[in-house]
Amino acid sequence: MTRTTNLSSTTYRIACCSDCAAVVSVHPLNPDQQAQCPRCHNVLLSGSRWGLHRCSMIAWSILILMPFALNYPLLSIDLLGTRVDASVWQGVWKMATQGYPYTAFLIFICAVFMPISFAILVILLRFSQLLGVKPRNVLLALGYIKPWVMFDVYLVALGVTMFKVREYASLHIDIYLIAFIFTALLTTLLFIKLNLNALWNDFYPLRKPLNAVSIGKPYLCTECQYTFPLPFIGKRGEARCPRCYSALETSDSVKLQRTWATLIAGIIMIIPANLLPMSIVYVNGAPTADTLMSGVITFMDMGSYFVAFVVFMASIFIPISKILIMLYLLICVHFKLHHSIKHQMKLLHIVHFVGRWSMLDLFVLALMMSLVTRGQIIDFSVGPAAFYFGAAVFLTMISTSQFDSRLLWKIYDRQQSNHA
């Protein structure tokens, strides 16, 4: 069931909500205004935005600072009379060369490749604007990689590492940490201010905006948030978005299969991630293994209760809560359970927001690998749980992105119709 709601008596265009499938008439917006769906309060259009010129300047600043943030030492310790430095790239490289290439690859993707790609794509958008080129693939790529840019999570991981490494040696902060902090802050600022929906409308303006008279049953492309009356038919007869050429929605059953498949795989991975050692420290040849929970207890024994709370939330509470929430939402869809739609949407938005922070523990491991590795006297090693944990984080994030909230609203609309 599709509902149409007017935001104003002056109709400008028709927009279909990607969260609840409501069809909404949107009037022209001032720079300080935004149009929200009256049913689910999802932001449909926003007048507040930064221009590409400003965004590209920030992206250039990020790229200039990136070599200093990634390659130069951020922290150093005096261990057994020797100075040991830690950088982002050094942690990834040591992890890869000491027998943990898959775990290192997960960290490399989120802490190195995605942040650099994010800045480069923004600059390419600016060049496209200056040259009058339609950057369809660049806009699509930005939408795909945006959730995987985790420089801010790595910044928090640095703080956790500072507390953890004090157990083994005296800690020193290098001047290049300033470059890393500025890079993380600028990346986060660009992440917040970049309005992909507005950029799609800038590069591909609506030739003839839909209005309440011309509309029948509109189509919505979830890739570029474009509402249109008729799809573009591809070479194989498939329906595609006329703006970004992405294939339109598959059936509800296929969506659920993808969500279930990635969630079940994530559940399988989270079990060994919690039971097996996440890290192993060798002192004079004697190993001390820490699981996720024992690592939290170690911080509590050191008196670092706030750090213990942060690690517990990121490494244990958030991953397990994500899985439980997704299971609940999927069960509601399969068995058509009629629960509060507002609470269900709040849970889904929480899962989308906090999911990336579970990578915190892997970033801490990479930094510890580069700092505490000194052969026979003291040595730090990644445990077998690290790969399972990283895989669980990736799979549950993919599962969340595959879940279509409109399935919940279909059940809600059906229940409302039955009670009408």
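Cβ from N, Cα, C; glycine included.
Bear in mind that TrEMBL entries carry predicted annotations, made automatically and left uncurated.
The feature transmembrane segment is assigned by TrEMBL to 58-80, 100-125, 137-163, 175-192, 260-282, 302-335, 347-371, 377-398.
Most Cβ pairs under 8 A with the transmembrane segment (347-371) among the ranges 58-80, 100-125, 175-192, 260-282, 302-335 are made by 302-335. The listed stretches are 58-80, 302-335, 377-398; of these, 302-335 has the most Cβ pairs under 8 Å to the transmembrane segment (137-163). The recorded stretches the transmembrane segment (260-282) and the transmembrane segment (377-398) share 3+ CB pairs below 8 A when only pairs 6 or more apart in sequence are counted, and are therefore in contact. Most Cβ pairs under 8 A with the transmembrane segment (377-398) among the ranges 58-80, 100-125, 175-192, 302-335 are made by 100-125.
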